[in-house]
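K.L.:
Quick paste of what TrEMBL says about this protein:
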ACT_SITE  D133  active site, proton acceptor
BINDING   G10, R72, I73, G108, N109, G110, T111  ATP binding site
BINDING   N109  Mg(2+) binding site
BINDING   T131, I132, D133, R168, M175, G176, H177, E228, R255, Y261, T262, Q263, R264  substrate binding site
DOMAIN    2-287  domain 'Phosphofructokinase'
SITE      G110  site 'Important for substrate specificity'
Amino acid sequence: MKIGILSAGGDCPGINAAIRGVGKTAIVKYGMEVIGISNGFSGLIDMNYEVLTEKKLSGILTVGGTILGTSRIKPFKPQEGDTVEDKPQVIKENYHNMGLDALVCIGGNGTQRTANLLSKEGLNIIGLPKTIDNDVWGTDVTFGFDSAVNIATDAIDRLHTTANSHKRVMVIEVMGHNAGWIALYSGVAGGGDIILLPEVEYDMDVVANTLLNRSEKGKPYSIVVVGEGIKVPKKKSAARFIGKQIQERTGLETRETILGYTQRGGTPSPADRILATRYGAYAAELIHTKNFGSMVCIKNNQITSIPLEEVGGKTKLIDLNNRLVTKARNMGVCFGDKF
Ligand code: F6P
């Protein structure tokens, strides 16, 4: 059997651990031939690939990013400047030209949507969910998330000391797109006083009053953790907007930090290495058992799979009855809403 692996969408820590998990299991346990497709789905269009041997898969477990490269090409969405007319057709032809029996698509929501469509086109596809955002529907956790939360929490920890020295309000914006998972987890882990999530409509009066109350109670500083996807006027950064509003409404000295791509870079946390390895190894098993058209997932710490059709690129957002949100509220954390 010959299998291909590609990584698509935004990178995250743990992709190489997953590639290694799929590749080594496929080669060592099942005697399969493995090729790595470069730069996401574009490598399938221009036949850009390399053979992945055991040697090539060695030494990559701890390395961040993806050895295969990635891109945000969406084969089923015509884009301006397209030179290839029918990308899905070209991909189908090249899949057969490369002699593939199966293809593992490592990626987030967009990638799983494409994976499902390719599966419907008759290709043997296995989806493998990754993203720092943790917003892939159908799985409890994606790898990359734990590393990103570690990085964001470390940043928040560092803001506490400088905030205390200067008696300031510190606003920190973390990634997560339209989902607030990184904001919620790093906010709670980092002892944020206010956590603004894209899923919760905030009221600036509530935010300002919470900060003024803290100040009146003698709390010398405050930490506000903001998910990048919260609603703000067009083209404004979440942190900059919230920081300016706070300064204007409270008169408290406020500074902003936008954490950005550091959250996606560097070595994966041990938890992400393990999750990615488990996902990868299971993907190879699914290929061996010809369980195509499915996405690897984790439910209650059990690695399993669900039909790609059910996932279809849907987004997993934070439910407001989320237990961590409730626990944090009970401890006085403000989510910016009138609760
Ligand atoms: O999906 C991961 C992510 O880092 C999001 O948190 C963020 O909104 C987005 O990707 C950034 O995308 P790009 O790499 O295209 O700038």
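Heads up, residue numbers simply count up from 1 along the chain you see.
Cβ from N, Cα, C; glycine included.
Predicted automatically and left uncurated, TrEMBL annotations should be read as such.
Could you tell me the structural context for the features on the list?
P.N.:
In sequence order, G108, T142, F145, M175, G176, H177, A179, W181, I182 make up the list of same-chain residues 6 or more apart from D133 (active site, proton acceptor) whose Cβ falls under 8 Å from its Cβ.
Around I73 (ATP binding site), the same-chain residues six or more apart in sequence whose CB sits under 8 Å from its CB are A8, N39, G40, F41, S42, I45, Q79, listed in sequence order.
Within 10 Å of the C-beta of N109 (ATP binding site) there are 24 other C-beta atoms, taking all protein chains into account.
The number of other Cβ atoms within 10 Å of the Cβ belonging to G110 (ATP binding site), over all protein chains shown, comes to 19.
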K.L.:
Under 6 Å from ligand 1 by C-beta, which of these recorded positions make it: G10, D133, M175, H177, R255? Sequence order, please.
P.N.:
G10, D133, M175, H177
K.L.:
Please name the residue among the binding-site residues R72, R255, R264 whose C-beta has the most neighbouring C-beta atoms within 10 angstroms.
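P.N.:
Checking each of R72, R255, R264, the winner is R264.
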K.L.:
Show which residues of the chain containing T111 (ATP binding site), separated from it by at least 6 in sequence, have their CB under 8 Å from its CB.
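P.N.:
Listed in sequence order, they are A8, G9, G40, C105, G127.
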K.L.:
If I take the Cα of R255 (substrate binding site) as reference, which of the binding-site residues G10, R72, N109 has the closest Cα?
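P.N.:
Nearest listed residue in space: G10.
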K.L.:
Sequence gap of 6 or more, Cβ distance under 8 Å: name the residues on the same chain that satisfy this around T131 (substrate binding site), in order along the sequence.
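P.N.:
In sequence order, the residues whose Cβ lies under 8 Å from that of T131 (substrate binding site) (at least 6 apart) are G9, G10, C12, G107, G108, N109, T142, G144, F145.
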K.L.:
Given the binding-site residues G10, G108, which one's Cβ is surrounded by the fewest other Cβ atoms within 10 Å?
P.N.:
G10
